[in-house]
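Here's the structure we're looking at; comments come further down.
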């Protein structure tokens, strides 16, 4: 009976804590005239060059925040049967491939009247791939700071490409993004990477900064690379997003896949980042040492500084796991030293009651107090991260100074295990997690997806657009029950004033501007 093509325009209101803005989207609807069933329903940004958001409304009421695919900007690409169906290791698997319509919901706790909300494309192998194994020339690069599990991810990307897809050409880029400019590459084979997961650090080396997308893409073209696996945090993913945009602008068939890495667990959307469990486990050793030191002498204080530039997840989870900590200080929860309800008063109370105490402080906590005291000037590293003053040394000195004035002798031992923690190999649970991340990235790249990162969302691995990973940082919510559990465990005061509590409760809207999948809209027919 033919088809009926309709076009709608929707004006969407982007709701953010700072200010609302408006975007225009176009819906293309193809229907069968006889039955008026929707056979194709897609939503794209008004600007065809804007790849930050690829939105596909689902028929059941959810909104799929999809990732780019080669077919979005390359025409007449051949596809091939996935070689996994002939892989003996997968012969007993009931379902080889992920269904194209499978999605993962961002929110699993909803109200009775809630819309179905935002979904992501489920990660995993597809029936069709867009690379022949012999044509693949892949590269892997690690950027930013060290993190337990980096070598495991490298190993599993290499072994996944080799053993699942029969790929034989995999290069390691030496020294982070800067390594693309040099000719130093490492040929990676399963034999070469066989036992690297037992070592800390990264066999490829790393660096901060050095990002020039045009030069990097030039080198990718020169070397004939068509799959790029980038392991790093939010700064690295910002660079990866720019690299993808340049590749797309040039019309290259090059897949760019990210694997999110941050020991601080400050990457949004995903459940947690790899290496975090290892960091929490290793932090226990420092806390135990601080506890032994403090309880072995009168008025003993054990002070442990843990990593956490902008967020206090390591400090919070290490404190909860330990049960030996009397006070945990994190960047998200302001505290003060002097006066009623301040830190000094609490320390004095604990020493009088128990004779000892343990304090855990994240490296980014109390920076505003330290800046006022030292009159420091803000500086940044090559990745754009703020260079922090050593809050551990500073607060150690302030505590000693305060109790010296009070004529109350104390014995304070300061332990800083930060670089020891991030340099160790990953524990068993992180090794398994790294394997899932690496395989998810490989499956996505082989299936023709690009401009994505991979990670678990509510326990299911998904492909997530770069913009969702870099739009904000994941932080401890001090109005959440997890922080309340910590306060209950340590019995410390919250140090929050009514104004601080009011500020924390102001966050009404998610940063992506979508309220449970509902879009404020006006509709007109062309």
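Just so it is clear, glycine is given a Cβ too, placed from its N, Cα and C backbone atoms.
Note that the coordinates shown come from a computational prediction; the quantities given were computed from them, not determined experimentally.
As recorded in TrEMBL:
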type	residues	note
ACT_SITE	264	active site, proton acceptor
BINDING	145, 208, 209, 233, 234, 235, 236	ATP binding site
BINDING	234	Mg(2+) binding site
BINDING	262, 263, 264, 307, 308, 309, 363, 419, 420, 421, 422	substrate binding site
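Features recorded in TrEMBL, as mapped to the structure shown.
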residue	record	CB count, 10 Å
145	ATP binding site	22
208	ATP binding site	19
209	ATP binding site	16
233	ATP binding site	25
235	ATP binding site	21
236	ATP binding site	29
262	substrate binding site	27
308	substrate binding site	30
363	substrate binding site	25
420	substrate binding site	14
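Across the residues annotated as binding substrate (262, 263, 264, 307, 308, 309, 363, 419, 420, 421, 422), the two Cα atoms farthest apart lie 16 Å from each other. Cα spacing between residue 422 (substrate binding site) and residue 235 (ATP binding site): 18 Å, rounded to the nearest whole number. Within 10 Å of the C-beta atom of the residue listed as 'active site, proton acceptor' sit 29 other C-beta atoms, taking all shown protein chains into account. The separation of residue 262 (substrate binding site) from residue 235 (ATP binding site), Cα to Cα, is 10 Å. Note: the Cα of residue 264 (active site, proton acceptor) and the Cα of residue 233 (ATP binding site) are spaced 10 Å from each other. The shortest Cα-Cα distance from residue 236 (ATP binding site) to any of the binding-site residues (262, 308, 363, 420) is found for 262.
There are 21 other Cβ atoms within 10 Å of the Cβ belonging to residue 422 (substrate binding site). For the pair residue 209 (ATP binding site) and residue 420 (substrate binding site), the Cα-Cα distance reads 23 Å. Counting Cβ atoms from all protein chains shown, residue 234 (ATP binding site) has 24 others lying within 10 Å of its own Cβ.
Considering only the binding-site residues 262, 308, 363, 420, residue 208 (ATP binding site) has 262 as its nearest partner by CA-CA distance. Candidate binding-site residues: 145, 233, 234. Nearest to residue 262 (substrate binding site) by Cα distance: 233. Cα of residue 145 (ATP binding site) to Cα of residue 420 (substrate binding site): a span of 13 Å. Cα separation, residue 234 (ATP binding site) to residue 420 (substrate binding site), rounded: 22 Å. The two recorded residues, residue 420 (substrate binding site) and residue 233 (ATP binding site), show a Cα separation of 19 Å. Largest Cα-Cα distance over the residues recorded as binding ATP, namely 145, 208, 209, 233, 234, 235, 236, equals 12 Å.
Note: the Cα of residue 308 (substrate binding site) and the Cα of residue 233 (ATP binding site) are spaced 13 Å from each other.
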